[in-house]
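**Student:** I'd like to ask some things about the structure below.
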Amino acid sequence: MSVSKKPMVLVILDGYGYREEQQDNAILNAKTPVMDALWAKRPHTLIDASGLEVGLPDRQMGNSEVGHVNLGAGRIVYQDLTRLDVEIKERTFFANPVLTNAVDQAKNAGKAVHIMGLLSAGGVHSHEDHIMAMVELAAERGAEKIYLHAFLDGRDTPPRSAEASLKKFEDKFAAQGKGRVASIVGRYYAMDRDNRWDRVEKAYDLMTLAQGEFQADTAVAGLQAAYARDENDEFVKATVIRAEGQADAAMEDGDTLIFMNFRADRAREITRAFVNADFDGFARKKVVNLNFVMLTEYAADIKTTVAYPPASLANTFGEWMAKNDKTQLRISETEKYAHVTFFFNGGVEEPFAGEERILINSPKVATYDLQPEMSSAELTEKLVAAIESGKYDTIICNYPNGDMVGHTGVMEAAIKAVEALDNCIDQVTKAVESVGGQLLITADHGNAEQMRDPATGQAHTAHTNLPVPLIYVGEKNVKAVEGGKLSDIAPTMLSLMGMEIPQEMTGKPLFIVE
């Protein structure tokens, strides 16, 4: 009979940041006796989850992808956002062979260059400065037909903030004398990640057929009409932008399409609709043979050109566990499953030897304020069973509630989400203690602790750049170290497990055994 393992458990409370002011703070306004007691009685510290400490530009808010890559890597990983900023600043972006070839191919054949992406200064999935650089690259290389298909944000940015961005691009096209905004649509449609293909189809038809529910002469006019219909940026319905006498911007065989999002999870579905010959998410009314370029690799099985292929990370936490013959479990709901697997493993899709995965379906609701507890009860049940099973050396779990409900901007719902989590943490803590295991509770970035923007008074639906908690529960007598960051978590776990830390991990343990 094999000896029961005492697991090292990492619970990531997504979007659960630390802020001392109670005003508009869903976490401090919720009843959280369990987390309050843990914070009061257990070793704890605050860690950085944003900006330079996670490889993002200074003061840039953290996000789930970046957070999990840093958590699993045990070193600061410079993100695509920072990498692209540097490339554009140093002008190497304008010589990227994949991008220049794609533009030249269309130009030489008299075809159009279509550029699509999330038009946002949020910096989570994309950055409008990168899209602007792509517009400049296309114009500089002599492309005549340049069409921008703008996905609108309102989630990583204030709910109604797209007008300034659209105006900037309309001014740019006017100044350079070629190109235009061809369509606008909310990210709710274009950037789904939960197989809601009816949404994706609307965005796909808008771009391929130049057909939408609405039409406007200019992008700004189209946006203002959406606001008049009470649609915030995220939910703007498919709108064709075409003034009297302007050519149709429908996509044709031989056109180039460059997708300027750098984050993978919400880029995959629409990319597959364009690229996969055997795509079956919906019946495509028009299949276009495009020269399709992904800015970064959205998935290894999407067979199309990549402008910036991934840099590989050696000896992430998951790989190091496998090399040391340890068993590990990754568990979350649909919304954050990719984060505890693909992102935590440094962009590796395949599970490592000894790595098991459990996926709990997120509830099928339009927005999560309608079900703030999400699937946390089922997730907790499965997590507790895994802790008690004695099968795993380590377990990584993500609870999405703080982030997914925080994104809705609905304070009452976010409070309910936090209260549901407190009950879950109670069960998890008891299970870990009953088997003599160890538990770290932390977050990947903030969100629910700031539900209203103090400057604008609008709902605050974006992440924050505030620190996140880190709490230790276990039998070891440990002392917390100040000044930590997300990339210190993997070394902390290895140290608590009594394991060697690989040299590639430059993070430091945040709990020292006394």
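Glycine too: its Cβ is placed from the backbone N, Cα and C atoms.
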**Student:** Of the candidates His149, His463, which does Swiss-Prot annotate as part of the Mn(2+) 1 site that also includes Asp403, His407?
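**Tutor:** As annotated by Swiss-Prot, Asp403, His407 share the Mn(2+) 1 site with His463, chosen from His149, His463.
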**Student:** Which single residue out of Arg187, Arg199, Arg272 does Swiss-Prot record at the substrate site shared with His125, Arg155, Asp156, Arg193, Arg263, Ala264, Asp265, Arg266, Lys336?
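**Tutor:** That substrate site, as Swiss-Prot gives it, pairs His125, Arg155, Asp156, Arg193, Arg263, Ala264, Asp265, Arg266, Lys336 with Arg187.
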**Student:** Which single residue out of Ser64, Ser376, Ser389, Ser495 does Swiss-Prot record at the Mn(2+) 2 site shared with Asp14, Asp444, His445?
**Tutor:** Ser64
**Student:** Neighbour count first, Cβ atoms within 10 Å, every protein chain included; then name which of Arg193, Arg266, His463 tops the list of binding-site residues.
**Tutor:** His463
**Student:** Which are the residues of the chain, Asp14, Ser64, Asp444, His445 excluded, whose CB is within 8 A of where the CB atoms of the Mn(2+) 2 site average out, their centroid?
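**Tutor:** So the additional residues around the site are Ile12, Gly15, Ala49, Gly62, Asn63, Gly67, His68, Lys336, His339, Asn398, Asp403, Ala443, Asn447, His463.
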**Student:** Looking at the binding-site residues listed here (Asp14, Ser64, Asp403, Asp444, His445), whose Cα lies nearest to that of Arg266 (substrate binding site)?
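**Tutor:** Nearest by Cα distance to Arg266 (substrate binding site): Ser64.
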**Student:** Among the binding-site residues listed here (Asp14, His125, Asp156, Asp444), which has the Cα closest to the Cα of His463 (Mn(2+) 1 binding site)?
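**Tutor:** It is Asp156, whose Cα lies nearest.
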**Student:** With an 8 Å cut-off on Cβ-Cβ distance and a minimum sequence separation of at least 6, pull the same-chain contacts of His407 (Mn(2+) 1 binding site), or say none.
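**Tutor:** Set apart from His407 (Mn(2+) 1 binding site) by at least 6 residues yet with Cβ under 8 Å, we have Gly15, Arg155, Tyr368, Asn447, Thr461, Ala462.
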